[in-house]
Amino acid sequence: MGQSLLPPSGGDDNIQPVDLKAALEERYLAYALSTIMHRALPDVRDGLKPVHRRIIHAMSEMGLRPNSSFKKCARIVGDVIGKFHPHGDQSVYDALVRLAQDFSQRYPVVDGQGNFGNIDGDNAAAYRYTEAKMTEVAALLLEGIDQDAVDFRPTYNEEDQEPTVLPGAFPNLLANGASGIAVGMATSIPPHNAHELCDAALHLIKHPDATVEDLLFDPANPQRGGIEGPDFPTGGVIVESRASMAESYRTGRGGFRVRARWAVEDLGRGGFQIVVTEIPYQVQKSRLIEKIAELLIARKLPLLEDIRDESAEDVRVVLVPKSRSVDANILMESLFKLTELESRIPLNMNVLSMGRVPRVMALNEVLSEWLAHRREVLQRRSRHRLAAIDRRLEILGGYLIAYLNIDEVIRIIREEDEPKAVMIERFGLTDVQAEAILNMRLRSLRKLEEFEIRTEFDSLSKEKAEIEALLASGDKQWQAVAWEIGEVKKKFAKATELGKRRSTFSDAPDADVEAIQQAMIEKEPITVVISEKGWIRALKGHIADTSSLQFKDGDGLKVSFPAQTTDKILIFTTGGKAYTLGGDKLPGGRGHGEPLRIMVDMENDQDVLTAFVHDPARKLIVSSTAGNGFVVTESDIVANTRKGKQVMNVTMPDEAKLVVPVKGDHLAVVGENRKMLVFPLVQVPEMARGKGVRLQRYKDGGVSDIRSFAIAEGLTWEDSAGRVFTKTRDELIEWMGDRAGAGRVVPKGFPRSGKFSG
């Protein structure tokens, strides 16, 4: 702790200079240590923070055992803050309430009577209205505390004594978990199943060198038992992989994905509704429903029609789908993605090792320290019992002497002024023996029987020999600890109502990401409009006539096409880059839209080449002005960031010029020199990124247009007058050749623009 500096006497004439940096460091260190050691972090041995330990100890002092009657929480809080914990009454009451909540504690330590809050987040009633007593769990934590099982220390005012740690016969740290934020560190431990913890502890006693994997449940060997994973008081489905959980337990850091438990209820005639019966740990039901309702109003859940809370004592949240055709799995996956119906519970096993050193511990280390503590408690209780037996044997020895000399003893007591000293001298008694004889009632003295004394003496002597043998043998001590753990395991077995596992395990379904994303977007028709200068907007509905569209001065239409708000829009630039925008993310049709460069990181020297709706099954041919090109799968050019994805490598003055869908088995290429070359598409390589290969050779100029077609159907083009021309396979013989050829002059009737469409 920091140095206590009292203000010096003498006023301004007696000022002591203090280095500010050193003084701040000293006081902050004192504060940090106080927070870590006496407030925020639990002890690995009993799993309790000081405030919880003091509450349980105070209730024990008040006699609030599981079989006793309840007492007002106001009385408990008063004793705690008055004798042990000099802090605010509300903070102590909040801690007491949490110990009693069956949705906060996997194994409640306090049995509460009255309103102790609920899973909706409502507060408990004031402590003048509620009552409490300890549960069996608290009794186990205290077991042996009156038998010198643990050390005691003075309280804050040195008027009472409090335990530094509880005996902890129950594996409370892992069974009930813990959370807290200290200075520069924090702890977060989820609750576990006591039956499984006892299995792991028993295995660790037999195999002290067991690894974390040895303590975990193995589906291939279910008979061995072990820890499956967290077991939350609110249930839920854990969808974390076993490998990930093992790594978390090995390092002491990680997390667990937990989902709500849900089922589909058939309403007949094809109708159904989804019912959520369990929600993730530490999620407030009222806030969860409020969040889903907000998303519903914001039209972020187009598959959901309504949500109702039909909960009574049990959780029952009803989700009404938009229609009978809605896929329940996709609806739930979208809710898991957007709401706390799926939560990640962190694991950070940062605890006070042996009550002194804060450190992050692995699962086997936590259990090992708890077992070491239980062994120490066993030794201390055994020594305490041994001392009590020795005292009793000494007294019984005195009783036996008194019995054999009963008449003389009575005479000494009646006639001597100092009977104690006389008996010690006459019979060779110890001070304790003489005092015990003198303290006996006359009735008891007359009823002394040698047989009863010798029977008790022999019984205690036998017990003493057993305890001495126990203290002399490490193996016997571990056997005794294992027996105690076995009794706890029976009491909280999975066959019992409290002990049965509540959280189950499942693999997260391989959901269609595209389907989930679309499920979160209201599907509406739009028309995407991009101008020559790169302004983009989305008009509501499908608009065929774009002649009435308004643009800024000097700007005009570059490309427009129909789409849906659920579509992905691919934008290809002259720099060979592809960008992806969601149809629902495009600016509205009012005004001129927004510049593309605000939405994506598009270089200033690049322009929009084309844009279209993404089709993951489609392939494209991309070509540069110089006549290089290749085939790319459309799904390979989807970009997930603002930076886009470089598809075609071009160097100025060369730039990307054409992006054409693959629709056949041959490719027709027309150059600016009005020469056409036709060759099989298989000669063009397929790649995700590159410069490509030469499609057509030119002396001057570059490529003008490309068309992919099926040779069996022939090559078709349209002139400026709208007339359609088709050349069959036989008619194309003179233009057919191999890739990178020069080609021949285009056929008669080919458009003067050098394009396949007028």
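The backbone N, Cα and C atoms fix where each Cβ goes, and this holds for glycine too.
Among the features that Swiss-Prot reports, active site, O-(5'-phospho-DNA)-tyrosine intermediate is placed at TYR129. Residues or ranges marked as domain 'Topo IIA-type catalytic' by Swiss-Prot: 41-513. Per Swiss-Prot, the feature site 'Interaction with DNA' maps to LYS49, HIS85, HIS87; the stated evidence is sequence analysis. According to Swiss-Prot, the site 'Transition state stabilizer' annotation covers ARG128.
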Which listed residue (HIS85, ARG128) has most other Cβ within 10 Å, given these are recorded sites:
HIS85
For TYR129 (active site, O-(5'-phospho-DNA)-tyrosine intermediate), write down the residues of its own chain that are at least 6 apart in sequence and whose Cβ falls under 8 Å from its Cβ; none is a fine answer.
GLY114, ASN115
Among LYS49, HIS87, the one of these recorded sites whose Cβ has the fewest neighbouring Cβ atoms within 10 Å:
HIS87
Could you tell me the mean pLDDT the prediction assigns to the domain 'Topo IIA-type catalytic' (41-513)?
92
Could you give the Cα-Cα distance between HIS85 (site 'Interaction with DNA') and LYS49 (site 'Interaction with DNA'), in whole Å?
12
